[in-house]
Amino acid sequence: MLKALEKAGILVEALPYIKKFSGKTVVIKYGGAAMVNDQLKEAVIMDVILMKLVGIHPVVVHGGGPEINGMLDRLGLKSHFIQGLRVTDESTMEVVEMVLAGKVNKEIVALIQRFGGKAVGLCGKDGGLIQAKKRFELVKNEGGARVPTDIGFVGDVVKIEPGLVRELADRGYIPVIAPIGVGEKGESYNINADTAAGELAQALKADKLVLLTDVEGILRDRKDPSSLISSLRIDDVPALVEEGVISGGMIPKVACCVEALQGGVGQTHIIDGRLPHSLLLEVFTDKGIGTMVLK
């Protein structure tokens, strides 16, 4: 009886959020452990389907780093690095596109269909969705100066054409997007999945951008999970970076959130994808589960 009452309480708590976000767009960056562990995969997919069933328009942008690395190893393609940055040559880009737009994307679509949802898989080339240009990374030369360096088919987003995604969502489908951009000459570019999700959220005028990660959120003390910062504002970010609270791989994720907020997205969230149903807990409960970044 106690468990039944708890479940009823959770449903009641979710009601105002369901009403608030019905008809709204939520862009979800899906990656990390939640893509590797079968139980977590199913939990994320069920969360996304439930969001759709209660009237929210979820849009999924996915990564696929481990799958790409596995396929490169299987094909015997060695990765070249410049100061820690992978150089994506033509052969590597072919594998990236094959794995992201083919294997990973269609697996997610099939899983959504299996659990009762309707999904359509896209990559950024479809309908000119993600238009991109070559990215030049600033890399230190022998003299210590940071100079623009060509790292291959890695791209920056130039423009998002969201019409196709919006139409699919309005027709009851869950769009699932592989972050492959298209250049002026039709060439493919590998786009960072966080960046692609943030840019798409802005173009769709999304109410929420949710980044699934392999950490609890932003912690004041990385060794203490209880030090989670449940919410912060853009103005708080510079000081937290200066203090080292936001550091390493969290810096580009927070920067993605800041840019999305400045581009008109309502709220952004960094949550722990290792926790089953973290997506629902963040969207539909009072306390949430990760870090919410607000304007």
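Heads up, the Cβ atoms here are built off N, Cα and C, so glycines get one too.
Swiss-Prot lists G64, G65, R86, N190 with the feature substrate binding site, giving sequence analysis as the kind of evidence. Per Swiss-Prot, site 'Transition state stabilizer' is recorded for K29, K253, and the stated evidence type is sequence analysis.
The Cβ of G64 (substrate binding site) lies under 8 Å from the Cβ of G31, M35, V99, L100, K103, V104, A178, each of which sits 6+ residues away along the same chain.
The maximum pairwise C-alpha distance among G64, G65, R86, N190, the residues recorded as binding substrate, is 15 Å.
Taking the centre of the Cβ atoms of G64, G65, R86, N190 as the substrate site, the nearby residues of that chain (Cβ within 8 Å, site residues left out) are G63, I68, N69, T88, V96, L100. G65 (substrate binding site) falls within a helical segment according to DSSP. If you measure from the Cα atom of K253 (site 'Transition state stabilizer') to that of K29 (site 'Transition state stabilizer'), you get 11 Å. Of the recorded residues, K29 (site 'Transition state stabilizer') and G65 (substrate binding site) place their C-alpha atoms 13 Å from one another. Residues near R86 (substrate binding site) in space but far in sequence (CB under 8 A, at least 6 apart, same chain), listed by position: S79, H80, T92, I151. The Cβ neighbour count for K29 (site 'Transition state stabilizer'), using a 10 Å radius and every protein chain shown, is 29. Annotation note: R86 (substrate binding site) sits in a strand segment as assigned by DSSP. All protein chains shown were included, and the count of other CB atoms within 10 Å of the CB of K253 (site 'Transition state stabilizer') stands at 22.
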